[in-house]
Each structure stands twice: as C-alpha cells, then as structure tokens.
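A.B. asks: Pasting a structure here, questions to come.
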Amino acid sequence: MAQPSIGQKIVVDVPSTTANLGPGFDCLGAALDLNNRFAMRRIEGDSGRFELIIEGNEGSHLRGGPNNLIYRAAQRVWKAAGLEPVGLEAKVRLAVPPARGLGSSASAIVAGLVGANALVGEPLSKEKLLELAIDIEGHPDNVVPSLLGGLCLTAKAASQRWRVVRCVWINSVKVVVAIPSIRLSTSEARRAMPKDIPISDAVENLGALTLLLQGLRTGNGDLITDGMHDRLHEPYRWPLIKGGLDVRDAALNAGAWGCAISGAGPSVLALCPEDKGQAVSQAMVKAWEAEGVASRAPLLSIQTGGSHWQPQIEDE
C-alpha cells in the first residue's frame, strides 16, 4: 500500500488475546474474535506530539502524550527504520476495558507498531515487528497472537532467538470469556507468585500442555479437560479474583471442558463445545452476580487473521 500522507487516516484492527492459556504460562496465547480498533493519522507539529481520543467508556482513563504505550511502540518503529519520529493521533475503540486479562497492553503495542509502520510506508517486516513487540512487552504470549492471530506457542531457544509455532485450534472448540467489572493489574498478579516452584509442578505443567495442545488440535474434550490444569500461577492468583473459583466451578458444571484465568485475570476463560456455549456463559455471569460482581460472557471463536490495517474511507 502507498504511504499515507499527513492527515490521511488508517484503521488498525487488533484482536484481544488470552494468554497463560491453561498450563501455558508465559508461552501459550490465542487471539479472540473481539477486535480493538485504532484509527490513526500523522499530524503536524512537534515530533513528540501524541493525541489520544477514546471512543466509548472502555479505557476512558487512558491519556495521550509521549509516554503512552501506543506512541512508545510507534517510536520504536521509526527508530528501527532510521526515520525521524512524527506527530501521531489515535482514536481508539476498545472491545474490552484494560486490566481484565485480555491483552490490552499488547493491543496498544501492536497497534502502535503496525500503525506507525504503515504510516511511513511499511519499511519493517512482520518478523521485525514481532521482535519489537516482544521486547517492549517483556513476554510473548499476548503480543504474538495479537500480531499474528490464532493459537501461538512462543519460546526462547538455546540460541536466545524467539521461536513461534502456530498451533492448530479446531473450530469446534469454542471460548467463553467472562469479563467482570472488577480490575486486576498484571503487576499485582505477578507479585502474588513465588520466585521458585517445585519441580513436580513444572513437570505436571509440561505434561498438561501436551495434552491441551492435542485436545485443541483434535477437538477431544477429554484431552482438553485433562490439559486445562496449571500449577505455576493459578493457585496463587485465584485468591485475588473475587468469586473466581465459583465462576470456574459454575462453568464446569454447565458443561465446559476446562477453565483458566485469562492472562493475569480477573477474566475467566472456559473452553466448551458450541452447543454448551450459552449455558456456560449464563452460568458464569450468574455466579459472579451472586458475588455482587457485574460481568458479561461472550461466546467467541479464535481469530486467525491477526492485526491488519487499511485506509479509512470515512469517519466511523
């Protein structure tokens, strides 16, 4: 695509993501068909100028300025391409609020990278954008599926190079994500975890991960059930989520194959067959309602296309 001129807008669509999927702590994540939209354009003026416009109530507390995560990511693109930074405006419509465990920071990073790259003629490859995204976020399990889409397993090889494996997620396995009104910051969730874990817990997680990946590939519910167990972070984070265990149990009783904390929480994810989706959704919302917590629980599929941009024809 041709490089947009100053004032011309592009639209970047970035999927929400779920990470730490089951036993895949800090390595396994998936893109959900719940997109965040970023309308972006170059603006005249100071190269450090960043204007942020939030549409709707989600993320209304976010602010612009040069320290905003979108703009910081954009600056990394321009630096890597050997270009001078430019002023930027972003009009943002979030599908889910921040601090819910659905990759809001990853969405901001990927939007900044993809949008900034597009606005200067796409000098960087998707592989380079992926490298920058992981470096900015500090871990790969949200930013990789946010950029690439699908189910992604990411690990650092002995060579210190990040390796990404696109795994198969059969379409018959659906996702219900119960998104509560309460917040939980990633930093708070990280602090709850111990610095060291028993080797038996690590071994159990490795085995569960292989079962889960096979279950998602084949649609085998029994394998998903046996694989959706974690010993590395969930035992320490469930107590931080008001009513979280009740929500999990309600989903399982309604027919879900397995449940997990989405990301660092507080959202709770359930995997189920499509014909159980509505029952699982209603049960999870009702369980949180019993704790005085408002929530919604959409039935979702995996988004396979990842992030993409296009010229904006008219204001939306």
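The backbone N, Cα and C atoms fix where each Cβ goes, glycine too.
What you are looking at is a predicted structure, and each value in this text was computed from that prediction instead of being measured.
Dumping what Swiss-Prot says about this protein:
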BINDING   PRO97, PRO98, ALA99, ARG100, GLY101, LEU102, GLY103, SER104, SER105, ALA106, SER107  ATP binding site
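Any idea what these are sitting next to in the structure?
C.D. replies: The Cβ of GLY101 (ATP binding site) lies under 8 Å from the Cβ of THR18, LEU184, ILE261, SER262, GLY263, ALA264, GLY265, PRO266, SER267, each on the same chain and at least six residues away in sequence.
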A.B. asks: Counting across all protein chains shown, how many other Cβ atoms sit within 10 Å of the Cβ of PRO97 (ATP binding site)?
C.D. replies: 18
A.B. asks: Rank the binding-site residues SER105, SER107 by how many other Cβ atoms lie within 10 Å of each Cβ and give me the one with the fewest.
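C.D. replies: Least crowded of the binding-site residues SER105, SER107, by Cβ count within 10 Å, is SER105.
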A.B. asks: List the same-chain residues at least 6 positions away in sequence whose Cβ sits under 8 Å from the Cβ of ALA99 (ATP binding site), in sequence order, or say none.
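C.D. replies: Once residues fewer than 6 apart are set aside, ALA99 (ATP binding site) is near ARG183, LEU184, SER185, THR186.
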A.B. asks: For GLY103 (ATP binding site), list the number of other Cβ atoms lying within 10 Å of its Cβ atom.
C.D. replies: 32
